[in-house]
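Engineer: Dropping a structure here in structure tokens format, bear with me for questions.
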Amino acid sequence: MSTILESLPTGQKVGIAFSGGLDTSAALHWMKLKGAVPYAYTANLGQPDEDDYDAIPKRALEYGAAGARLIDCRAQLVAEGIAALQSGAFHITTAGVTYFNTTPIGRAVTGTMLVAAMKEDGVNIWGDGSTYKGNDIERFYRYGLLVNPDLKIYKPWLDQTFIDELGGRAEMSEFMRQSGFAYKMSAEKAYSTDSNLLGATHEAKDLESLESGIKIVNPIMGVAFWRDDVKIAAEEVTVRFEAGQPVALNGVEFKDQVELLLEANRIGGRHGLGMSDQIENRIIEAKSRGIYEAPGLALLYIAYERLVTGIHNEDTIEQYRENGRRLGRLLYQGRWFDPQAIMLRETAQRWVARAITGEVKIELRRGNDYSILSTKSPNLTYQPERLSMEKVASTFSPRDRIGQLTMRNLDITDTRDKLRVYTQVGLLTPGEASALPQIKGDSGE
């Protein structure tokens, strides 16, 4: 039997992830009028563009919900965000600028915590506002069924009856007005925004065109650093980690990591730090484009990565980066709690993050322009005296280096022989005008 219901299950409890926006408000009221028993569940993810969370469940009750709950997801969201940071679970980058997977992290938390709350209320049918072309429909599907194997999925936006009756925002707004609710449709923006405490995503509409750039976006977590009229003063900030956990900013210790991240957002946001423009592959392999904000995570990541490179050896760092990219893809695909993801994450947290103790001082300027001013850690393996060009007691002598270089003759000879073979079989065409090495046979030809 399919877990996806294509028509409204009348007479049954249906949980809906309720944001309080037009789409979910109209869907909830429509389900009530059509004979379902809707329950509303709102996730408090610390969205920077949400002013009054307590009012959202109240509105759901007004629109016909049989029950409405506000679930505080902030602590879990930050915990998962720091876990992603510790394991470098970020696979989307452009020219060294990173997308911090803030929406996928938010979906992992929302999808599990809301369905767990529904299960407590005996609600085994779940709906949300994700569309069939996006990533979220699959992410929520996976996370929901992980938590509740008996879960059925009903999405109004996959129900043709709902689409025929309320196919667009104008129709939904008129539907709410005719139902007696003074619901005023918000002004249309040139793009769509989704946010949580970790970051914001701006996409769709005008941003679907690659001829539209970051300048059409109005940041909600920082400043428009590209505008000449936005004054941004350089600022020095220190970030301290202990055993892989961020614990202090500018010497102020935080016992609550939610509060620490909020302060990191304020600091980074003053400079527009962590904004990026990315073209990515959705789960279904089609490409999409997004403008992202993540000022706090970006600030923490600069300090964390600096300590990683100063503490760990090259092979460990290589594994951390390779596994981080793999883990980032799994996170993006809605597999954050799959066994293979847990294995990669736990490995990084145990063998990389636990050694990360220290303090980094950073100068922030505009956007992603910054300088690292100092790095301190009791665990640093960076020892400049080993390689000092001054006359100091050395860990090895000139004769030691002569011996090491002499041993390199073996692989240099092997490389020369292989290049000769490639030339003989026509893979290389050496010549004076070629950038390839000049390979001569034994005869000197």
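Yeah, the Cβs are placed from backbone N, Cα and C, and that goes for glycine too.
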Engineer: According to Swiss-Prot, Y99, N135, R139, S192, T201, E203 bind L-citrulline; which one of E253, E259, E263, E280 is listed for that same site?
Structural biologist: E280
Engineer: For the ATP site that Swiss-Prot assigns to A17, F18, S19, G20, G21, L22, D23, T24, S25, A43, G129, T131, D136, which of D159, D164, D194 is also named?
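Structural biologist: Looking at D159, D164, D194, the one Swiss-Prot places in the ATP site next to A17, F18, S19, G20, G21, L22, D23, T24, S25, A43, G129, T131, D136 is D194.
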Engineer: Report, as a single number, how many Cβ atoms besides its own are within 10 Å of the Cβ of E280 (L-citrulline binding site).
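Structural biologist: Neighbour count, Cβ to Cβ under the 10 Å cut-off: 16.
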Engineer: Other than its own, how many Cβ atoms are within 10 Å of the Cβ belonging to N135 (L-citrulline binding site)?
Structural biologist: 20
Engineer: Given the recorded L-aspartate site (T131, N135, D136), which additional residues of the same chain have their Cβ within 8 Å of the Cβ centre, ordered by sequence?
Structural biologist: S130, Y132, K133, G134, I137, E138, R139
Engineer: Taking Cα atoms as reference points, which of the binding-site residues A17, G21, S25 is nearest to R139 (L-citrulline binding site)?
Structural biologist: A17
Engineer: Based on DSSP, name the secondary structure state of G21 (ATP binding site): helix, strand or coil.
Structural biologist: coil
